Amino acid sequence: MNKYIKNEQKKLFSSTFLGKIFGFIAGISWALVSIFLFLHDQSFKARQGDVNGILNSLQIGVSISFIQEFFALIWAFLVLLMFKRIKDLKKAFQNKNILWIILGSIFGGPFGSVTYILGIQYIGSGLSGSITVTYPVLAAMLAYLFLKQKMNINSIVGGSISLLAILTLGILQFSSGDIKNGWGFLFALFAAIGWAIESFLSSKAMDSGIDPYVSIFVRQCSSVLVLALILVPSFNSFGSIKDVVSNIDVFWILGSSIIGIVSFVLFYIAINKAGVGVASGLNICYVVWIIIFELALFRFYPWYIYILVATVFCAQMFTLVPDFNKRKLKK
């Protein structure tokens, strides 16, 4: 009997450890997505010059987002084939809760993707990442307001500190005298809000039994359709799409779409094996990895930016402490 218990404990430890590795790699992967988009932006500006005006920026942002989401849709379909989830796709559309995923994908896909790309264009991947990392706190607030889910003291304190640090960062961006910094802050904040709404709505759908890999595919389908049918024509981005695709730097976008889907898949596996708390804690470390990668690219920020980013990161980790404690109690 003792031997059986020891074997089960070993299996649990092995599964949890594997989940932690996947969560760790998911965070690094998302950081690479941000860096790839930043490198494309730098290459694009070197070739075309700085983009002037919000409307022109939106036009290019929509173009890049459409290309990235379209490629990601292809990779998401390959994931369905790889994990043999095609049969679950039909089953998912028989579940009325799939409407939550479709609605959430509009906020997280077209809205979140475009604004995040614009944030990177205006203030860089490091600052954009530090702002968007607050999306779990915003999602928890939505759950508290609309689902009456309780927020523990750690979530309230950590979330408050995080939001205060972000507010300080925003004030500094607006007071810098460069209006582009202010716009960049707002775009990154909009992306965080979009991702928070998507997380909130998607969790409602997955609680009803819709397969996570199917959710990723449906999300990409919805995102591409909204971009193709509404945003691309609205901003007349056809010329920009042609210009982006016809140049070698499109491979940065292609790479970001592949790594983005890998990050999604690894994150879901990490949740399954290690739990939401551990997986989320490792995943939101992407902001730290972005800063590290930017240092490798010789991109630096004023010293107080690093303090604010570290404050946001530590506050986010603090909100996850109860989850870690609960897992220890279960063990």
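Placement of Cβ uses the backbone N, Cα and C atoms for every residue, glycine included.
TrEMBL annotations: computationally assigned, not manually curated.
Here's what TrEMBL has on this protein:
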- 70-169: domain 'EamA' (DOMAIN)
- 183-300: domain 'EamA' (DOMAIN)
- 21-40: transmembrane segment (TRANSMEM)
- 60-83: transmembrane segment (TRANSMEM)
- 98-123: transmembrane segment (TRANSMEM)
- 129-147: transmembrane segment (TRANSMEM)
- 156-176: transmembrane segment (TRANSMEM)
- 182-201: transmembrane segment (TRANSMEM)
- 213-231: transmembrane segment (TRANSMEM)
- 251-271: transmembrane segment (TRANSMEM)
- 278-297: transmembrane segment (TRANSMEM)
- 303-321: transmembrane segment (TRANSMEM)
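Using the rule of three or more Cβ pairs under 8 Å, pairs at least 6 apart in sequence, the transmembrane segment (156-176) is not in contact with the transmembrane segment (251-271). Long-range contacts of the transmembrane segment (182-201) within the same chain: residues 54, 100-101, 103-105, 107-109, 111-113, 115-116, 118-119, 121-124, 127-128, 131-139, 141-143, 146, 166, 169-170, 173-174, 176, 219, each at least 6 residues beyond the stretch ends and with a Cβ under 8 Å from a Cβ of the stretch.
Using a cut-off of 8 Å between Cβ atoms, the transmembrane segment (251-271) and the transmembrane segment (213-231) share at least three residue pairs, counting only pairs 6 or more apart in sequence. For the domain 'EamA' (70-169), residue counts in helix, strand and coil come to 84 helix, 0 strand, 16 coil, using DSSP.
With a threshold of 8 Å between CB atoms, the same-chain residues lying at least 6 positions outside the transmembrane segment (60-83) that come near it are 37, 40, 44, 51, 89, 109-110, 113-115, 117-118, 121, 213-214, 216-217, 219-221, 223-224, 227-228, 231-232, 235, 237, 240-241, 243-245, 250, 253-254, 256-258, 260-262, 265. Using a Cβ-Cβ cut-off under 8 Å and counting only residues 6 or more beyond its ends in the same chain, the transmembrane segment (98-123) has close neighbours at 34, 37-38, 41, 51, 57-58, 60-62, 64-65, 68-69, 92, 131-132, 173, 180-181, 183-185, 187-188, 190-191, 193-195, 197-202, 204-205, 210, 215, 218-220, 222-224, 226-227, 230-231. Long-range contacts of the transmembrane segment (303-321) within the same chain: residues 126-127, 130, 133-134, 136-137, 140, 154-155, 157-159, 161-162, 165-166, 168-169, 172, 277, 280-281, 284-285, 287-288, 291, each at least 6 residues beyond the stretch ends and with a Cβ under 8 Å from a Cβ of the stretch.
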